[in-house]
Ligand code: M6R
């Protein structure tokens, strides 16, 4: 979380920094700031709230060609102007922006900086004060920066200004993402290439424990020991229009609507010249060599993992466990003899998942990352990557990444099953094509979905999602979507579990959204609906064509029974979207959340 930008060149830095921060706002949006530097020194502007609030307070008369900026998701200290970045050292000589968490900040404060009076509650201020202390001890700025970094435990992406040298931005990273972008007589710094596509598509990846000296003409990467490292730039293959809302009122709605297209793109991306589904043969061999697969992920990606387990176990007949990343490290299950880890992460940057990846790599196990972001940390650090091809997902609530994850997991299951001669008795290319068409029907049913949201969720405090088998997993995702953007207390339950406790929560009018897409459990889930209705609930049944009954609120177009999550979820995404709109919630940037969760 938190986004960082920097610019050094010949143009006025303010607008470039502000525009960059707007593109990074998905990473955190509780406060923001920029620091710009000219002959008169460094000027800091910061505000609580969004980039738009910051923009109003930036003095347009201050012209400067060097600057850094930050958009914050609070970890240490409440969201406030004083805790907003940039932070400065006591003499104001050094100005810093930081993304990450310094785990030993209180120890450094106590042992090294006991005579310093701190202005903010942040861990970040410790870094800038420590740098100043090292400079006061007689070290050069670069050496002080390196020395300070060596004292830090935790994660950081940092950009630093020295008000005695307008010609340099000092940069470093460890565990938090950071890139340097290259231009003609200018260079930039950004947490994500998206932020600087406005000025360049040439980027250099930074590795952990490197520092970078960025001037307008040069970018010098060094180790913490001062050894220079050469690294070629790459071209960011992002289309600037992919990160615009276009005519949509919200990114979330745009991304929901992109799902049919993304599904078709995925089919193409994983087809060989004969039209057969294909995956790198090393990956297929690795999957088939494993005796058990451990899927590790968070949030929506975890929910995709649950459905992925069904795909892999049904098609490839390989046992799969699915684990929440944040629990895995200290609650590790007994591993099989030949485990394979699959990390699912839209962003490829989620710190909880990354911590597990580091741990299992140290144990010598193989790992595959399924991600939307090529070159992301989880992609770089795993043995193999399978890409989602979903295009940038900006809304905090994940939508198209979820269905893309399901499509890629289905393809992985299918290809690995076929490689070992398992009988997969359906044509996945054809079935995913049918899914893409059915997704379009769902995307065209916005009015019906808005009406369902109005009828069932307009005034409710809570809402339950029930389903059995694969529908239960989709219910979990529907509940997450609804709660994160509408703040309605929502939970997903296995239909059969209600009577073991949860049914006590059913009151007159409690909305219960039931998914009925599976013939094998259709009667049972409808039985559960009757149980809650008998206790006053207001059931909303979403069924699959062929299984529908008169009382159903919406009937989904028919797709293969294993692939129903790819379309039933769209109904739940749209219902959540409209429920949030009806409550005037900020759909794309829900409270307390951030898109890329880079702290553990
Ligand atoms: O980037 P990741 O897929 O690793 O992110 C995992 C979760 O943080 C993410 O899915 C989160 O739950 C979304 N906000 C859900 O909409």
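Each Cβ is built from the backbone N, Cα and C atoms, and glycine gets one as well.
Residues near residue 2 (active site, nucleophile) in space but far in sequence (CB under 8 A, at least 6 apart, same chain), listed by position: 27, 28, 70, 71, 72, 73, 85, 98, 99, 100, 191, 594, 598. The annotation active site, nucleophile is assigned in TrEMBL to 2.
The active site, for Fru-6P isomerization activity annotation in TrEMBL covers 595. Listed in sequence order, the residues of the same chain lying 6 or more apart from residue 595 (active site, for Fru-6P isomerization activity) and placing their CB within less than 8 Å of its CB are 26, 27, 347, 393, 394, 395, 396.
Per TrEMBL, domain 'Glutamine amidotransferase type-2' is recorded for 2-217.
Annotation comment: TrEMBL describes 283-422 (among others) as domain 'SIS'. Along the domain 'SIS' (283-422), the predicted structure has mean pLDDT 96.
Residues or ranges marked as domain 'SIS' by TrEMBL: 452-590 (among others). Here the domain 'SIS' (452-590) has, by DSSP, the following mix of helix, strand and coil residues: 69 helix, 28 strand, 42 coil.
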DSSP-wise, what's the residue breakdown of the domain 'SIS' (283-422) into helix, strand and coil?
66 helix, 28 strand, 46 coil
